[in-house]
Ligand code: UD1
Ligand code: CA
């Protein structure tokens, strides 16, 4: 984070600075996490507000922190390293918070956007229109408002006969007549820095909560003879705050609806929008299909024509064109074009499937490249390995990568056939075109083209069941079979031995 003084801009863009008020306790969340760090759609509440203001290109961004300040500052360093965190030691109200912010940038003048930190549905377009309305009317301050069906708990906009804004009245301080107003304060304002500073200097705590309300700035400016404007948001959802977890869930749903609507309009099939969740940070190409129960999170991208789901979670994953991922959980995996995953598989970070590769049912992978057209069809663990092209890994193969202290790598060549239930004890290399016999424990390298057999020879103890388990259904079945054949049954004799002792 920069020093406050270093961030003061020299030119005069449409907005000189953005101030986010984010010091409040958020008591109603009943959480040890500061309110503005709760997340929806892949970003924190604060992250959404910063993203909406970002396109303004303001030279200075100030975030007022207080409750949980260490956590908020740490988060800011990640999501907005250019922002300046300013500490409001005591939460004495939104007006006090704004004053603390402006005191930290004393040289700043020109238009300043002030935003509550808990408005996660605010969109860049809406902010841009507010800024434009402010510029066009030349008001001292313009507040973003919305017409809502239920204004409960929100500040009401009181307008004069000429349509300009006269004041904002908080619900707890409002007269019954003012309470019936359905135009509310969104908590997003743009005002001339000098005018706002002046009004903040005169703000009182003469209200029901004994706090310094930023909203009083409007009435004070009007008293001075300045003009205050109110710009009505096109979509009232944009201005919805978030004060408890019920509201958080409602905002999350609204945000998700927006993301899915945009995807569907861009050509993505979303089979069941109610059970599909996509972060604002994900991308999905046209003609991709998201089946019910799909969650796309973080930086996940799904290319066109891919099918994801049902019941699949992808976090920071990349899915190529025409690939399919069914009932699986993938973290940081890259799934190449035409590759297939699932059902019921777990792909962990470092997994990379080349074109047309397959990771089938009940397979866990980590840190592995699976070459073009290679297959791991069933019930395997594949970790710390590279697999060449056109290879097949038999069912229930385990890449034994961990000796209890360190991880080791396995290298599988092109067109290798690993037999079912093979243990590949790393570090180990299986050369191009080699085979391993089912049930082998491979501890040494296998040269190209060899068949590795590493298992105990089979021993059949003839008649054992009749002698040692007599009277059981197994013994009866064996006896019947022997009688039919006229001799004790033998079975395969190659590489095995039939004993008669015991
Ligand atoms: C505020 C507005 C209200 C508006 C509503 C929109 C005030 C007095 N009222 O009410 O008119 O309709 O938002 O959602 O502003 N904050 C600080 N320091 C403080 C107190 C608050 O930084 O000492 C921050 C909070 O973190 C929050 C913002 O200011 O982001 C607004 O505070 P909050 O308590 O949420 O105000 P509301 O009651 O929601
Ligand atoms: Ca609020």
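Along the chain as shown, the residues are counted starting at 1.
Backbone N, Cα and C atoms are what each Cβ position is placed from, and that goes for glycine too.
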Same-site residue for acetyl-CoA (record: TrEMBL; known: 395, 401, 402, 438, 455; options: 386, 420, 470): 420
21, 22, 23, 24, 35, 88, 155, 170, 185, 243, 348, 381, 392 bind UDP-N-acetyl-alpha-D-glucosamine according to TrEMBL; which of 366, 407 goes with them? 366
The answer for which binding-site residues (118, 155, 243, 381) have a CB under 6 A from ligand 2 is 118, 243
Rounded to a whole angstrom, what is the largest C-alpha distance between any two of the residues 395, 401, 402, 420, 438, 455 that the record assigns to acetyl-CoA? 22
Those binding-site residues, 23, 155, 348: which ones have a Cβ sitting under 6 Å from ligand 1? 23, 155
Assigned conformation of residue 402 (acetyl-CoA binding site) - DSSP reduced to three states: strand
Largest inter-residue Cα distance among 21, 22, 23, 24, 35, 88, 155, 170, 185, 243, 348, 366, 381, 392 [record-listed UDP-N-acetyl-alpha-D-glucosamine binders, Å]: 69
